[in-house]
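A.B. asks: Here it is, the structure in full.
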């Protein structure tokens, strides 16, 4: 059995009120088009053809070389859109899935079941349908007394009886590929919309006494076509529920799953605990036994086993096992933390590698630095890495002790076991086993405070 796929992605999406093509709006971190394309992969199509139109280059860039593309210059209906794929698929033997690019909730399992139903029943066309409590706006499935599909009627063309029908057309179909393009040559624009309806091929097949079937979705949510921001929000809500449920089934604990935002490509190992209001985005991986507390935000990062991240932001960083971060820490892109590193409250790290068991507990900035293992970085330490034009590196050796309120002016190297005194400004190399003091001596002038305006004796 050879399968093909046509994805309809040419529309502007006027009701979205956006400069962005409709299919490029995101749901849980992926564009709607990407969600659809991933689901389509479940039928293993030999060839996928994406119909593009409005801002076509933007749409093409999302799928790149994963799909063939055809251009629909004028949007003259779904039938017209499918006609555009004729140059890619005409004459080929097999079954062709036609699906809209704005249906992000459709699953690969449902598409596979649709194809199997189509093949097993030897249909020339199979419609994916659903039962709607409120079918207004959808095309209705009209069956005869034997339950056979005889036609699909669009909302604007439906009579009073047809408008009461609850079974609706989801806009997804499977066709015998050759018969599809033969039938498309016979459809017209003689309807309320003045468009080429893809649904008209069903009546053509019926007139030729060819078999048309319908496969009913179990989950109505999968049929959702996103045409405005309201539907986009509904899709986001459903997708978030699916994602958190998947992770819970796989052994992840959520204290308040309704408040968590996790994107589609995030990976979470078993025995992770996630508190409320946590955001996980991009290609993030969370290792087993890790705890993410309330307010944590992580994007495109790898978090090792048994870490604790407390109300902190982590971007494009790698954390080994046993690392603790926060509260209120910020790990910026290019940060790597080895085993059992501790990054405490109000510490910012950027583009740096920090060795195992090193601690930076409070109020510190570490940028463009290579920090060894078992280093203590005192509160208020700053690596001065930027001169207004260029960035420079700071290197701190193993077991060094950086005193509180040290200012390290890069480029700079502090050797193994070296110490910088609290309050120092260090601008020259500190050799191994050395102590560097870069501050003025304290001068105490007894009694001088009485001369100052703030002293109580001055107010008499």
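Glycine residues also receive a Cβ, built from the backbone N, Cα and C atoms like all the rest.
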A.B. asks: So Swiss-Prot lists 379, 385, 386, 404, 439 for acetyl-CoA; which of 418, 422, 449, 453 goes with them?
C.D. replies: 422
A.B. asks: Just checking, which of 77, 139 (binding-site residues) has the fewest C-beta atoms within 10 Å of its C-beta?
C.D. replies: 77
A.B. asks: By a Cβ-Cβ criterion of under 8 Å, what residues six or more beyond either terminus of the region 'Linker' (230-250) are in contact with it?
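C.D. replies: Those are 16, 25, 27-28, 32, 104-105, 221, 224, 257, 260-264, 266, 268, 270, in sequence order.
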A.B. asks: In the region 'Linker' (230-250), how many residues does DSSP put in helix, strand and coil?
C.D. replies: 20 helix, 0 strand, 1 coil
A.B. asks: Find the shortest Cα-Cα separation between residue 422 (acetyl-CoA binding site) and the binding-site residues 22, 139, 227, and name the residue that gives it.
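C.D. replies: In terms of Cα distance, residue 422 (acetyl-CoA binding site) lies closest to 22.
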A.B. asks: Sorry to bug you, but what's the C-alpha spacing from residue 22 (UDP-N-acetyl-alpha-D-glucosamine binding site) to residue 102 (Mg(2+) binding site), rounded to the closest Å?
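C.D. replies: Approximately 7 Å lies between the Cα of residue 102 (Mg(2+) binding site) and that of residue 22 (UDP-N-acetyl-alpha-D-glucosamine binding site).
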A.B. asks: Mind giving me a neighbour count for residue 332 (UDP-N-acetyl-alpha-D-glucosamine binding site)? Other Cβ atoms within 10 Å of its Cβ, every protein chain shown.
C.D. replies: 16
A.B. asks: Enumerate same-chain residues with a sequence separation of six or more from residue 22 (UDP-N-acetyl-alpha-D-glucosamine binding site) and a Cβ-Cβ distance below 8 A; give 'none' if the list is empty.
C.D. replies: 11, 12, 13, 16, 32, 101, 102, 226, 227
A.B. asks: Closest to residue 10 (UDP-N-acetyl-alpha-D-glucosamine binding site): which of the recorded positions 362, 379, 404, 439, going by Cα position?
C.D. replies: 362
